[in-house]
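**Student:** OK, TrEMBL features for this one:
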- 59-80: transmembrane segment (TRANSMEM)
- 92-110: transmembrane segment (TRANSMEM)
- 181-205: transmembrane segment (TRANSMEM)
- 225-251: transmembrane segment (TRANSMEM)
- 287-305: transmembrane segment (TRANSMEM)
- 317-339: transmembrane segment (TRANSMEM)
- 372-389: transmembrane segment (TRANSMEM)
- 409-442: transmembrane segment (TRANSMEM)
- 454-474: transmembrane segment (TRANSMEM)
- 494-514: transmembrane segment (TRANSMEM)
Amino acid sequence: MPHLTFPLLLLQEGRCLYVILLMALYWFCPQYFLDTNFLFLSGLIMASAIEEWNLHRRIALRVLMLVGVQPARLILGMMLTTSFLSMWLSNTASTAMMLPIANAILKSLFGDKDTSKDMNRENEENQASLQQNKLYTVPTEMQFLASTEDKDLAEEKELSSDALSDLKKEEEYKTNIWKGFLISIPYAASIGGTATLTGTAPNLILLGQLKSYFPECDVVNFGSWFMFAFPLMLIFLLMGWLWISILYGGINLRGWKTKKSNIRVDAEARAKEVIKEDYQKLGPTKFAEQAIFFLFCVFAILLFSRDPKFIPGWASLFAPGFISDAVTGITIVIILFFFPSQKPSFRWWFDLKAPNTETQPLLTWRKAQETVPWNIIMLLGGGFAMAKGCEESGLSVWIGGRLHPLEGVPPPVAVILITVVIALFTEFASNTATIIIFLPVLAELAIRLKVNPLYLMIPGTIGCSYAFMLPVSTPPNSIAFSSGHLMVKDMARTGLLMNLMGVLLLSLAMNTWAKSIFQLGTFPAWANIHAENATSLVTAVENVTLSALNKI
């Protein structure tokens, strides 16, 4: 059948042409595959393996079993678990994983929220008929029952009024705790993502733009960033937990000595059983979970110890520049694709009659294709390409030259102003888009102020993650808001103080321990080189412009 040969050949040629064009496109745009992109990709692949074998769920439930089931402790457990997961998984994935666990615990504590709302509405509508029929309600945290007693009409009316007041208090308490649980999870995800370079996109964009603008800058890597950002994350997380617990009734400052009712004790016992039952459903720890946990620990330890700055790292054993964070990360995650998910038997190697069966690896490439958000990698590449364009064209230098009014501002005040402006801006815009826009401007402003560029660029980067006031600010906020139990005013009043705390704590960190980690007290030589290049670029642009005007 010769007529089928031509379409077949054309199809093969077309595929080959597609690959060639794709490779040519990436060669024209090297910003799409920088070292930073591969570091991010390694983190995403590791996260896919963790999710594939439910290791994240086991960790979450185990932490909740340890912290206890009192509302304030559960909120703390939720925030600690979510923030830890968000250091390695995406903020959105961490939130989406923790919210169903939170809802299951809340239903065990208080029953179904919607059912309770309908019951409360029905009680309010039938208050008059309850009094006419000489009935009164006894409030509990799970349900409200009606009973009759042979008493005087006046006494029954008084009991009914007290019961209704208690009912409203219990319903308000339950609603507040429910809101506190739901709002704490996206906030913890946003805070936790700042602790590692791979935790959120703005951190990686900072790293990529530093390598583009300041190629000689080598003070920011996984280890040095973790030393700076992890203590900041912990302090902010604990202060955020206190604020949410106090605001939503998890911690009652006026009634902390009040003895809990038996019904509340029973409800907490049921919540404990729900957590324990969910944990038991996971079954015994599988070999695959143990292997992934081990590789994850190796992944984190190698990244942290490669070049921690305060002591020589293991990368000093190699030639400078030979080993990067991306090389380390990709090397570890490649093991996931061939390491067996079941415990290998050494007897198989010596048994000549043993069947040659295929063993499932910890992660298949098909699964990685399905779960890794490749669009975010392309988004990062686009951001790096835009930043490179601003640098090469001189646009960032031109914008920096229009910032004369800010040159007289003291650097500590500039840090606060920058963080406030970016935190407000990112409430309405994507944090990735925000940092792509602001980082080139902050780099040029730092050079004009004669301060270390990191002193302005790091607060701007972390400030992008401090978006707590609106549901549209971040995907985690939107996911929590879509549950239907939160209102915009809840996020606004909670997030306002969270934003303020974040700005002040970030300013404190930048002026204390960050100075020694990133050597912020001096204007570095690598920034001087960029300043000289920028000056020559401006001169060249002015010469071209003048020559063009003379020809006219």
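From the backbone N, Cα and C atoms, a Cβ is placed for every residue, glycine too.
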**Student:** Taking pairs 6 or more apart in sequence, does the count of Cβ pairs under 8 Å between the transmembrane segment (372-389) and the transmembrane segment (59-80) hit 3 or more?
**Tutor:** no
**Student:** Which sequence-distant residues neighbour the transmembrane segment (225-251)? Criterion: at least 6 residues beyond either end, Cβ under 8 Å.
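**Tutor:** For the transmembrane segment (225-251), the nonlocal Cβ contacts are 71-72, 75-76, 79-80, 83, 173, 176-177, 179-180, 183-184, 187-188, 191-192, 194-197, 203, 304, 308-310, 458, 462, 493-494, 497-498, 501-502, 505-506, 509, 513-514, 517-518.
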**Student:** Based on Cβ pairs under 8 Å, which of the stretches 59-80, 181-205, 287-305, 409-442 lies most in contact with the transmembrane segment (454-474)?
**Tutor:** 409-442
**Student:** Do any residues of this chain, six or more beyond the ends of the transmembrane segment (287-305), have a C-beta under 8 angstroms from a C-beta of it, and if so which?
**Tutor:** 42, 46, 49-50, 53-55, 58, 88, 222-223, 226, 313-314, 325, 328-329, 332-333, 335-336, 339, 341-343, 362
